[in-house]
Amino acid sequence: MSHPEHKDYTGAKFGMWLFLFTELLLFGGLFILYATYLTRYPQQFAAGGKELNVVFGTANTVILLTSSLFAAMAVTSVQKGDRTTTLRLLGLTVLCAAIFMVNKYFEWSAKIHHGIYPGSPRLGSAPLGESVFFGLYYVTTGLHGLHVLVGAGLLSWIGMKVNHGKIHQGDFVTLENGALYWHLVDLVWIFIFPLYYLIL
Amino acid sequence: MSLPATSSDGFWSDTGKTGIASWIFSTDHKRIGLLYLYSVLGFFLVGVLLGVLLRLELMAPGRTIMGPQTYNATFTVHGVVMIFLFIIPSIPASFGNLVMPIQIGARDVAFPRLNLFSWWLYVIGAVIVLTALFTGGGPPDTGWTFYVPFSAKTGTNVSLAVLGVFVLGFSSILTGINFVTTIHRLRAEGMTWGRLPLFVWSLYATAWVQILATPIIAITLVLVFVERVVGTGLFDPSRGGDPIMFQHLFWIYSHPAVYIMILPAMGVISEIIPVFSRKPIFGYKMIAFSSLAIAAAGSVVWGHHMYTSGMSDTAILVFSFLTFIVAIPSAIKVFNWVSTLYKGSISLEAPMLFALSFVLLFSIGGLSGLVLGAAATDIHVHDTHFVVGHFHYVMFGGTGFAFFGALHYWLPKFYGRRYAEKPALVAWALMFVGFNIMYFTMQVLGIRGMPRRYYDYLPEFARLNLVATIGSWILVLGLIILLVNLFRGLFRGEAVGANPWGGATLEWSIPTPPPTENFEEDPVVTHGPYDFKGAGKP
Amino acid sequence: MSTEAAHHILSYRKLTAIWGALLVLTALTVLITRAELGALKVWAALAIASVKSGLVIAFFMHMKYESRPFRIILFVALVTLAIFIGFTFFDVLYR
């Protein structure tokens, strides 16, 4: 089984999944804090959640779900040997990531404009739990945004490799792993969305 | 690094690159293992030096060689270096890399380039941690635990130090991913799960803990960093945060991390004891299973570090109860090792002496751990020298002694030469005696009420502190003899053959030193790892 | 372990159907959390989020077509996360 020249496709995916678990647990630490502070400050969390814009949140959810669809379709297309479609789909995924980040930028700017940011005087005088809610909101969505950027960079790099013919029908594990990473970014958002924007 | 006399052989010579580049850019698991070995040994010596300085300060009451602030920084850096730079990567990253792929019959790990990257991350993390000592507000003075609120407020350079530890954690995660994938995917034909050497089993359990627990400390340290930079107030009670939540997050990683440190050591002992008893290991399945059980049970007991923190009484009860469960798989291992010795043909050579002292010292450390695991008794000795003595028994007497045993057991295989036996025995004897004088005395001091992390103490503790400090000198003397003898032997000692100890695991079936690709042909495994009938007498 | 099944290719149509289901579930979460359900709201939203993640993992991430070790390690990771969150509540709930 251990031939160095043989590429262990399953092994590569196995390793990727293990890496995804570490990402899951990384966000897991923040979810532990969220669960704890939600239990302690339910009213303040509700008040904080009302400040968040459900339209922005829902729009970003739809965008990320759609980008995940594109990434999954990219894997299908590379398996079918359709390079042009793969490149187009990867491009669309990265485009969705960009729109997501633009939305995020406007959302954060609006919050900061209203004086809601870590250490702001407004939060300093707000009830105790609200400051914690927004602290967690900024850390969690910030870390998630960072992952969106990393994922978009990764998929762009993979797109270049597809373009150069280094990833193709016969050898596409890198693309599949990149898509797996992107789906993880989506998965985390699937939980962030109801926890921060909807549970009021 | 100068090459041994047998450097024309094996992986020492066969490389496309030359000079230092053939090491620091090598993807050969054996070279990466040696890179790790020398890195962790280097930091071990730094940690020992700081430890000796701490003992010197405590030799007499009042100011002896340093003031309180220097003392705080010294014990913090001693802890950070010993834990994150030495003991966590010590056995898994060095001997795991050197030996594990050969033991399962593979040519390398699953992701050789990731393996090299992991070592580089270790180096980068180490450089960041060391930079933190000399920049900003000076070396951190929080203790290795970085507890808030102090770590969020202190003027010392905690920000950079936690960043360094974050990078080190990433390195540890990548090693874990690599090992789990390797053990799943690259086992040779016939190397079933039931034929895996117990060292591999212990690494497998360790790697899982590395993967699942390390991200929690990563996010915790990120939060401390963010707290210091922008002040989110997540752990600040005046803004609704809860400092005890930091302790939860910290120990969710740091307690399982204790098993990252001890499990590979237990694996080493499970290799050495059967070989030097000339007897198959007793209870193979239970030892393998108990590694997984320790990893699992060890992940649900973090609360026992927090009995005096203000955590709820219910949690204290639950975590105290769960803590006792860890004792079961640990005891399974100890009893199985002892049963292996029974009626064995025991040869007391250096690796075996370290292995046997591991069993004794780990048992003492483990039993004193029960005193701390029971909430009722812990509250009396919490934050005293009893705790310091306890974890040094487990970590140094356990993992440290297993590491020295592994150095003597496996390094001759990779250098083709061996140390002299007599000085090794002298070194062992000095270390064993010095160790017990030092740390047993600490436990007595703790029971009598001497707190940890203070540079001064009441006059009635003076005599025992002097005894402990003298113990530290004996220990260090033994350590110096050990290292000089070991490395003199590796470069100039007597040559050894393929199987100097008569082991039955796969690494002893290939030439000494191992060839670059380990196996001429992919091996087919037909017997268990402790089936000595086929292996020749040493 | 060495039996490597041929790579399963998911059709565009099936992927799009999953995407449609995900959008419907998203709409459902938004609607449900507008209703007055009290504390039940949190659990309802989390349940829907779990179903959505299940769909993403099973189809987009191909978990449905992977071999057993993949499913076992996923289970181990999820249980570990659940324990880390759950056991913290021995403190949080009873303080």
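Here the Cβ of each residue, glycine as well, is placed from N, Cα and C on the backbone.
Among the features that TrEMBL reports, domain 'Cytochrome oxidase subunit I profile' is placed at B:23-526.
Sequence annotations record features per position, and here TrEMBL assigns region 'Disordered' to B:515-538.
The transmembrane segment annotation in TrEMBL covers B:35-56 (among others).
Residues or ranges marked as transmembrane segment in TrEMBL: B:76-99 (among others).
Annotated transmembrane segment per TrEMBL: B:119-138 (among others), in sequence order.
Summarising the annotation, TrEMBL assigns transmembrane segment to B:158-180 (among others). Taking Cβ pairs closer than 8 Å, the transmembrane segment (B:158-180) reaches residues 80, 84-85, 88-89, 92-93, 96-97, 100, 109-111, 114-115, 117-119, 121-122, 124-132, 135-136, 140, 142, 146, 151, 203-204, 206-211, 214-215, 217-218, 221-222, 224-225, 228-229, 260 in its own chain, all 6 or more past its ends.
The annotation transmembrane segment is assigned in TrEMBL to B:201-226 (among others).
Residues annotated as transmembrane segment in TrEMBL: B:246-269 (among others).
Residues annotated as transmembrane segment in TrEMBL: B:281-302 (among others). Counting same-chain residues at least six beyond the ends of the transmembrane segment (B:281-302), those with a Cβ under 8 angstroms from any Cβ of the stretch are 194, 196, 198, 201-202, 204-206, 208-209, 212-213, 248, 251-252, 254-256, 258-259, 263, 266-267, 270, 273-274, 319, 322-323, 325-326, 328-330, 332-333, 335-337, 339-340, 342, 373, 528, 530.
TrEMBL lists B:314-332 (among others) with the feature transmembrane segment.
Sequence annotations record features per position, and here TrEMBL assigns transmembrane segment to B:353-376 (among others).
Among the features that TrEMBL reports, transmembrane segment is placed at B:391-411 (among others).
Sequence-distant neighbours of the transmembrane segment (B:423-442) (same chain, 6+ residues past either end, Cβ-Cβ under 8 Å): 55, 350, 353-354, 357, 361, 364, 385-386, 388-389, 392-393, 396-397, 401, 404, 408, 464-465, 467-479, 481-482, 484-486. Residues annotated as transmembrane segment in TrEMBL: B:423-442 (among others).
If you look up TrEMBL, you'll see B:462-484 (among others) marked as transmembrane segment.
Sequence-distant contacts of the transmembrane segment (B:35-56) (same chain, at least 6 residues past either end, Cβ-Cβ under 8 Å): 1, 23-24, 26, 64-66, 71, 74-75, 77-78, 81-82, 85-86, 89-90, 93-95, 97-98, 119, 122-123, 126, 438, 468-469, 472-473, 476, 479. Within the model, the domain 'Cytochrome oxidase subunit I profile' (B:23-526) carries an average pLDDT of 95. Segment contact is absent for the transmembrane segment (B:353-376) and the transmembrane segment (B:119-138), given fewer than three CB pairs below 8 angstroms at sequence separation of 6 or more.
Contacts between the transmembrane segment (B:391-411) and the transmembrane segment (B:246-269): present, as 3 or more C-beta pairs lie under 8 angstroms, all at sequence separation of six or more. Within the chain, the transmembrane segment (B:119-138) has long-range Cβ neighbours (under 8 A, six or more residues past its boundaries) at 32, 35-36, 39, 43, 73, 77, 80-81, 84-85, 89, 93, 154-161, 163-168, 170-171, 174.
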